[in-house]
């Protein structure tokens, strides 16, 4: 029993560490944005998806919703802070029409999260509350993991991995695998189902990277789009 508890704790801590690696992976891209004072062809949507996911999953991990998931709350609190900074930087350096759109999306995310918290607190039954928030968290996490699908398609079309940073793909795979194992050990489908999908997508991205990295050659530039998986 003690071995399984230690393994469970190790997987959760590992998932937190790998998640942090995922959160900081867009830093080189935003260095480019700040240096060029332009978001160029960058997409801000992945950061909006990631912020909504982090906020809902953070709420799911609190004792008010689910038991023994406090580290899920802590890592997603950090993730939400990173996404908020990225979105603010994106709004600062993007074109005027995109500023309005991104600001509207940011306010929409805050509004949706506030409604979710308010509604869930009205649910008296603890199991029903966990089911409600868990389903929303699962849906948000799946949508976040699905966001790099268009980049996977772009890599296949261009036969170049310059649009798909290696460390982003590796962090996605490691984080998803850790939380997949943690979710299975705790019989929590709201954790292992979306992270199982994330693990598969992480494997696909790594396979594509190693398949096309030689053809990318010297032409690779800073990634134009960084999305979360």
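Glycine too: its Cβ is placed from the backbone N, Cα and C atoms.
Among the residue ranges 25-44, 45-64, the one that TrEMBL annotates as transmembrane segment is 45-64. For the transmembrane segment (166-185), the list of distant contacts is 4, 7-8, 11-12, 14-15, 18-19, 21-22, 25-26, 145, 148, 191-193, 195-199, 201-203, 205-206, 209, 213, 223, 226, 228-229: same-chain residues at least six beyond its ends, Cβ to Cβ under 8 Å. Counting residues 6+ beyond its ends, the transmembrane segment (45-64) has Cβ neighbours under 8 Å at 26, 70-74, 76-77, 79-80, 83-84, 86-87, 90, 102, 105-106, 109, 112-113, 116-117, 120-121, 129-130, 133-134, 136-137, 140-141, 143-144, 147-148, 190, 225-228 in the same chain. Beyond its flanks by at least six residues, the transmembrane segment (70-91) meets 12-13, 15-16, 19-20, 22-24, 26, 30, 33-34, 39, 42, 44, 47-48, 50-51, 53-55, 57-63, 99, 102-103, 106, 191 of its own chain at Cβ-Cβ distances under 8 Å.
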